[in-house]
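Trainee: Sharing a structure, written as structure tokens. Questions coming.
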Amino acid sequence: MMPATHTQAPSESRLLSPFFSFFIVVGAQISVGVLGFERIIATFSGQDAWLSVVLAGMTVHVLVWLLYGILKRGEGDLVAIHKAVLGKAFGGLLNLYFIGYFALLAYTVIRTYIEIIQMWMFVEVYVWVLFLLLVCLAYSYVTNGLRVVVGLCVIGLFVSAPLLLANYFAFTHANVSNLFPMFEHSPQAILLGSKAMTLNMLGFEVLLVAYPFLKNGPASQKWSHLAVFTTTLIYTLAIVLTTIYFNQNQLNQTIWATITLWKVVDLSVIERFEYIGISTWLFVVLPTICLLLWAASRIANQAFSIKQRTGLRLLIVLLFVCSFFVVGRKEVNQLNDMTAAIGFWTIITYVPFLYIAQKVKLAVIKGGNKR
């Protein structure tokens, strides 16, 4: 166990039961990406794309296991662990990095959702108008604390369930033979497809900040793993369904496959179900935005003694200014690619690095105590 390097601990009234880690992880991972990830994965691994999704989920399970190893030994959140393991100066730089990292993830989610609204519903709406509405809405929830944000995650999960189930209207038009031949692609292609899943699987790192808010934190680990299993299952079912509905040529030309499947939904009272789906998906996207902004502002509060509400306001102003620089589909694609690359190297290299560095530090301390 690391020596005490405590940040400000949350009060008892602000703590959450361990099972809420399930909603935190699902709320972070099920977001705007599920509406159009299929084409990107299929580009690399074709009809074997489901294997890439499963492999990505297994990788996240390992990373969550490493995260809990770090958190259990660290007795605190990311800020306290950075200071204890890496020192005040280097740890402070990394804290600053993670503020920017979580803010970037939030910005990417917001801008991508706005792109969907522009493409499918309101072509001529100004980006900054929707951006301002979304960040103001997120601000109203984040300022009320993590308990409110997690409550929003619970609502988001129950809202997403019927929308995702609606995809199975397309099953009656499906061609299962599209899944064959199986295991045709090389291991390298499967790995590249798995790497392309990065942007959809990011967000579980919020646990590094939210952990002190969980009563009996170690007990939440099983719920976090269950959450990763759930999101992996959702993404796997989604990619299988789109694979058997579209042939590979069609899928490669379908940017938002899940939304396109909603067009198949035939209800006598609703003519354009995709409009309902996109609008209602706000309740799924908003929890992700709130979690990420909460994490960024919480780190600013703990690391630099900035009031969390002040830090949140500064972040929102910065993100709003940035909304004027990403103006078209090409720029949104570049933003997603950049965020995915940063996220990939962050979780693949930094989490194992911190795990090993912490173990080495503990071994050194233990050896010094024996002398």
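The backbone N, Cα and C atoms fix where each Cβ goes, and this holds for glycine too.
TrEMBL feature annotations, pasted as is:
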- 15-37: transmembrane segment (TRANSMEM)
- 49-71: transmembrane segment (TRANSMEM)
- 92-114: transmembrane segment (TRANSMEM)
- 120-142: transmembrane segment (TRANSMEM)
- 149-170: transmembrane segment (TRANSMEM)
- 190-214: transmembrane segment (TRANSMEM)
- 226-246: transmembrane segment (TRANSMEM)
- 275-299: transmembrane segment (TRANSMEM)
- 311-328: transmembrane segment (TRANSMEM)
- 340-357: transmembrane segment (TRANSMEM)
Trainee: Between the transmembrane segment (92-114) and the transmembrane segment (275-299), are there three or more C-beta pairs closer than 8 Å, counting only pairs 6 or more apart along the chain?
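Mentor: Judged by the Cβ rule, the two regions touch, with the required three close pairs present.
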Trainee: Applying the under-8 angstroms CB criterion, which one of 15-37, 49-71, 226-246, 311-328, 340-357 scores highest with the transmembrane segment (149-170)?
Mentor: 15-37
Trainee: Looking at 49-71, 120-142, 190-214, 226-246, 311-328, which one has the highest count of Cβ pairs under 8 angstroms to the transmembrane segment (15-37)?
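Mentor: Stretch with maximum Cβ contacts: 190-214.
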Trainee: Please report, as numbers and ranges, the same-chain residues at least 6 past the borders of the transmembrane segment (340-357) whose CB is under 8 Å from any CB of it.
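Mentor: Counting only partners 6 or more residues beyond its ends, the transmembrane segment (340-357) has Cβ contacts under 8 Å with 63, 66-67, 69-70, 81, 85-86, 101, 104-105, 195-196, 198-199, 202, 205.
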Trainee: For the transmembrane segment (190-214), I need the partner stretch with the highest count of C-beta pairs below 8 angstroms, choosing only from 49-71, 226-246, 311-328.
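Mentor: Maximum Cβ contact count belongs to 49-71.
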Trainee: Tally Cβ pairs under 8 Å between the transmembrane segment (49-71) and each listed stretch (120-142, 226-246, 275-299, 311-328), then give the stretch with the top tally.
Mentor: 226-246
Trainee: Are there 3 or more C-beta pairs under 8 Å linking the transmembrane segment (226-246) with the transmembrane segment (311-328), counting only pairs at least 6 apart in sequence?
Mentor: no
Trainee: Apart from its near flanks, which chain residues at least 6 from the ends of the transmembrane segment (275-299) lie with a Cβ under 8 angstroms of it?
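Mentor: Hits for the transmembrane segment (275-299): 24, 27-28, 30-32, 35, 77-79, 95, 98-103, 105-106, 109-110, 113, 116-117, 120-121, 134-135, 137-139, 141-142, 146, 149, 152-153, 155-156, 159-160, 163, 166, 203, 205-206, 209-210, 259, 262, 308-309, 311-312, 315-316.
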